[in-house]
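**Q** Structure provided below as structure tokens; questions to follow.
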Amino acid sequence: MKDYYQILGVEKGASEDDIKRAFRTLAHKYHPDKKGGDEAKFKEVSEAYAVLSDKKRRAEYDTYGRTFSGAGQASGFGGFDFSNADFSGANFQEFDLGDIFGEFFVGMSGRGRTRRGRDISIDIELTFKEAIFGAERRVLISKVGECDICKGSGAKKGTAMRTCESCNGKGAVRETRNSFFGTFTSMRTCPRCKGRGEIPETPCEACAGEGVLRRQEEIVIAVPAGVSDGEMIRMPGRGEAAPGAVAGDLYVKLHVKDDAHFSREGSDLVTTLPIKLTDALLGGEYRIDTLDGEMTITVPAGVEHGEFIRVRGKGVPNGRGSRGDLLVRVHIEFPKKLSKEAKKLIEQLRIAGL
Ligand SMILES: [Zn+2]
Ligand SMILES: [Zn+2]
């Protein structure tokens, strides 16, 4: 059985004020949104406070060592079921513990809360060469965007904004509700002004005063040089707009098509060059394709099958102003059939000890 008094560090006969004070101190200390906070401890402290701050439940706890009324009831002996309660991240910031925490929650609720428009993601396909040298794509996206006519204000051109009467310009309204902690006052984004604190005197006709509307928008995506298949480009603020909030982000997923001649290995490109056996022995010159056009390379005498010839600077741009290399894999084509003539010559090579 948990000792709620011990958890809060108070005496059995502690006054309501003592309990409140103890809880406030410990909740400050352990709040999971705080640096060095401890979620488990915070839950424990909150659970203790929920019981000891409630006269009826405290009496039950004092007498029977458990509570029968309130939220604790559902989970049976010894406490509460916190499994459905989300203390982590943004959800918890919805609470405004106002009179309990005092200044601690100022700035976490109401207008201070970050609201964002929806993120959107699109896929685009690139050729092998586009992925290496970069490309520009224009895509038409249907999304909720800022109204062009009123520039997001929601007001008809030439008309003024006035303070929202629902929230007195605060952008948020108080809402009282019950939870297992007891009664809470939470701050909700004002439904009337959507958190902006002001509303248009005369609404913009294009967007009905919303400041945003669903429309087609052409977005220019500049794909940088040297991207790989599966890579994601994030374009901040190019997602959906939301009234009175910052726009979401646009994520562009890149799909790079394979190439018949080249493959990539980091910032290097790999290609295969078939050469004749005689050129492997004596050396020779070959025309090869690169992404920058054709060029001649020298195959050194005595090159081995599978050996790489490195052509500097003909690979993938690395984003720091230089490029990787082109690696030419030598593929020696051994003749499958030899003419009588050739056979004779090669037998002479054997005699020569090769
Ligand atoms: Zn408008
Ligand atoms: Zn309002």
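Cβ coordinates are placed from backbone N, Cα and C, and glycine is handled just like the others.
This is the feature table in TrEMBL:
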BINDING   Cys147, Cys150, Cys204, Cys207  Zn(2+) 1 binding site
BINDING   Cys164, Cys167, Cys190, Cys193  Zn(2+) 2 binding site
DOMAIN    3-65  domain 'J'
DOMAIN    134-216  domain 'CR-type'
REPEAT    147-154  repeat 'CXXCXGXG motif'
REPEAT    164-171  repeat 'CXXCXGXG motif'
REPEAT    190-197  repeat 'CXXCXGXG motif'
REPEAT    204-211  repeat 'CXXCXGXG motif'
ZN_FING   134-216  zinc finger
**Q** With pairs closer than 6 in sequence left out, are the repeat 'CXXCXGXG motif' (164-171) and the repeat 'CXXCXGXG motif' (204-211) joined by 3 or more CB pairs under 8 Å?
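**A** Not in contact, no.
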**Q** Using a Cβ cut-off of under 8 Å, list the residues of the same chain at least 6 residues beyond the repeat 'CXXCXGXG motif' (190-197) that approach it.
**A** 111, 115, 163-167, 169-173, 211, 242-245
**Q** To the nearest whole angstrom, state the Cα distance for the pair Cys164 (Zn(2+) 2 binding site) and Cys207 (Zn(2+) 1 binding site).
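**A** Here the two Cα atoms are 18 Å apart.
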**Q** For the recorded Zn(2+) 2 site formed by Cys164, Cys167, Cys190, Cys193, which further same-chain residues have Cβ atoms within 8 Å of the site's Cβ center?
**A** Glu165, Ser166, Asn168, Gly169, Lys170, Gly171, Ala172, Val173, Pro191, Arg192, Lys194, Gly195, Arg196, Gly197, Glu198, Ile199
**Q** When you measure from the Cβ of Cys147 (Zn(2+) 1 binding site), which residues in the chain that are at least 6 apart have a Cβ under 8 Å away?
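**A** Cys147 (Zn(2+) 1 binding site) has long-range Cβ partners Gly154, Cys204, Ala206, Cys207, Glu210, Gly211, Val212, Leu213.
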**Q** Any idea what the Cα distance is from Cys190 (Zn(2+) 2 binding site) over to Cys150 (Zn(2+) 1 binding site), rounded to a whole Å?
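**A** One finds 21 Å between the Cα atoms of these residues.
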**Q** Taking a cut-off of under 6 Å between Cβ and any atom of ligand 1, tell me which of the binding-site residues Cys147, Cys150, Cys164, Cys204 pass.
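**A** What lies within reach of ligand 1, judged by Cβ under 6 Å, is Cys147, Cys150, Cys204.
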**Q** For the recorded Zn(2+) 1 site formed by Cys147, Cys150, Cys204, Cys207, which further same-chain residues have Cβ atoms within 8 Å of the site's Cβ center?
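**A** What remains near the Cβ centre is Asp148, Ile149, Lys151, Gly152, Ser153, Gly154, Ala155, Pro203, Glu205, Ala206, Ala208, Gly209, Glu210, Gly211, Val212, Leu213.
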**Q** According to DSSP, folded down to helix, strand and coil, what is Cys193 (Zn(2+) 2 binding site)?
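**A** Note: Cys193 (Zn(2+) 2 binding site) is coil by DSSP, not helix or strand.
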**Q** Can you give me the Cα-Cα distance between Cys150 (Zn(2+) 1 binding site) and Cys193 (Zn(2+) 2 binding site) in Å, rounded to a whole number?
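**A** Between the Cα atoms of Cys150 (Zn(2+) 1 binding site) and Cys193 (Zn(2+) 2 binding site), the distance comes to 16 Å.
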**Q** Let me know the model's mean pLDDT on the domain 'CR-type' (134-216).
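**A** Across the domain 'CR-type' (134-216), the average pLDDT comes out at 87.
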**Q** Among the binding-site residues Cys150, Cys164, Cys190, Cys193, name every one whose Cβ is found under 6 angstroms from ligand 2, counting any of its atoms.
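**A** What lies within reach of ligand 2, judged by Cβ under 6 Å, is Cys164, Cys190, Cys193.
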**Q** Counting only residues 6+ away in sequence within the same chain, which have a CB under 8 Å from the CB of Cys167 (Zn(2+) 2 binding site)?
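**A** Once residues fewer than 6 apart are set aside, Cys167 (Zn(2+) 2 binding site) is near Val173, Cys190, Arg192, Cys193, Gly197.
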